[in-house]
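See below for the structure under consideration.
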């Protein structure tokens with residue numbers, strides 16, 4: 001069983017409504033009251049410090065209560081700076097005021113503590129007075145704040161001003177250049193597209209330029225037509241052979257000897273000295289017309305009448321090319337056979353015994 005969970009309703013925390021909560025949340029409801037609260041904290045801390053010094057007259061353990069008063073004053077200063085730093089201009093003003101006034105405030109408090117210690121009692125007792133010790137510590141903090149806060153802020157402020165000037169110049173230049181660049185880019189794109197469109201139009205208008213999409217189907221159709229025409233021619237040649245020679249077994253037996261009948265090389269050399277390896281003749285005088293036609297059909301050469309009836313001009317060219325390639329292949333084979341025969345005959349002549357020199361002399365004598 002699937003358990004259906006009920007939707008969980010968010011629980012709201014109970015709002016505390018009281019005088020203290022309203023007093024603390026007043027700056028959130030009224031932003032201008034923030035400055036009043038910050039200044040009041042600073043004033044309270046100053047009043048506490050002055051009242052402690054006057055009440056103790058520079059002696060006693062009550063002087064250590066100045067430390068929380070100083071902390072409250074520092075908190076008021078930081079809150080005032082953060083409230084003033086809402087806009088960039090107010091932030092710059094608040095940062096400069098805090099950086100410059102902090103060392104002076106610390107030196108003033110240190111001087112007040114030291115003078116109060118001196119007023120209570122002089123001599124070596126001053127070094128044991130807690131007011132004097134606290135004054136010396138605050139003086140050290142003032143020097144540290146002068147180096148770490150004021151000097152660094154002033155040095156960084158010059159860099160920030162330079163960076164802001166550079167950014168303003170870049171933004172102004174970019175805003176001025178934006179319309180020009182947009183116009184130039186639009187012109188360039190329009191020119192490019194217009195040139196491409198013109199090229200496409202010229203290509204389409206040309207009669208001899210086929211489209212790229214129609215090239216592949218045309219080539220496929222041509223190859224299919226050529227294959228069909230070759231199949232038709234081959235079947236017709238076989239039918240014609242059967243009509244002319246019903247006894248095809250005798251023809252098949254005589255086929256191996258057709259090489260020697262068709263192409264017989266001339267072993268004798270011409271008197272001019274040129275090699276006769278490339279000279280061949282086809283003695284068909286002893287063959288009948290039926291045999292020659294059969295041999296022509298076997299070699300792949302079809303008659304013009306049958307090809308003209310059943311084949312297209314492209315198929316005719318295809319058949320003529322195939323017959324030429326077959327002739328070239330046979331010619332090459334006959335050349336190789338003739339060379340092998342010559343090599344065998346030369347080997348036989350080398351292996352035969354040489355005639356005696358007497359017989360040679362006898363033969364060379366004139367009768």
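Just so it is clear, glycine is given a Cβ too, placed from its N, Cα and C backbone atoms.
Annotated features in Swiss-Prot:
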COMPBIAS  257-274  compositional bias 'Polar residues'
COMPBIAS  302-312  compositional bias 'Low complexity'
COMPBIAS  323-342  compositional bias 'Basic and acidic residues'
COMPBIAS  357-367  compositional bias 'Basic residues'
REGION    177-220  region 'Disordered'
REGION    249-283  region 'Disordered'
REGION    296-367  region 'Disordered'
TRANSMEM  35-55  transmembrane segment
TRANSMEM  61-81  transmembrane segment
TRANSMEM  92-112  transmembrane segment
TRANSMEM  113-133  transmembrane segment
Taking residues 6+ outside the transmembrane segment (92-112), which of them lie with a CB under 8 Å of any CB in it?
-> 49, 53, 70, 73, 77-78, 80-82, 84-85, 135-139, 141-143, 145-146, 149-150, 153-154, 157
Checked against DSSP, the composition of the compositional bias 'Basic and acidic residues' (323-342) is 20 helix, 0 strand, 0 coil
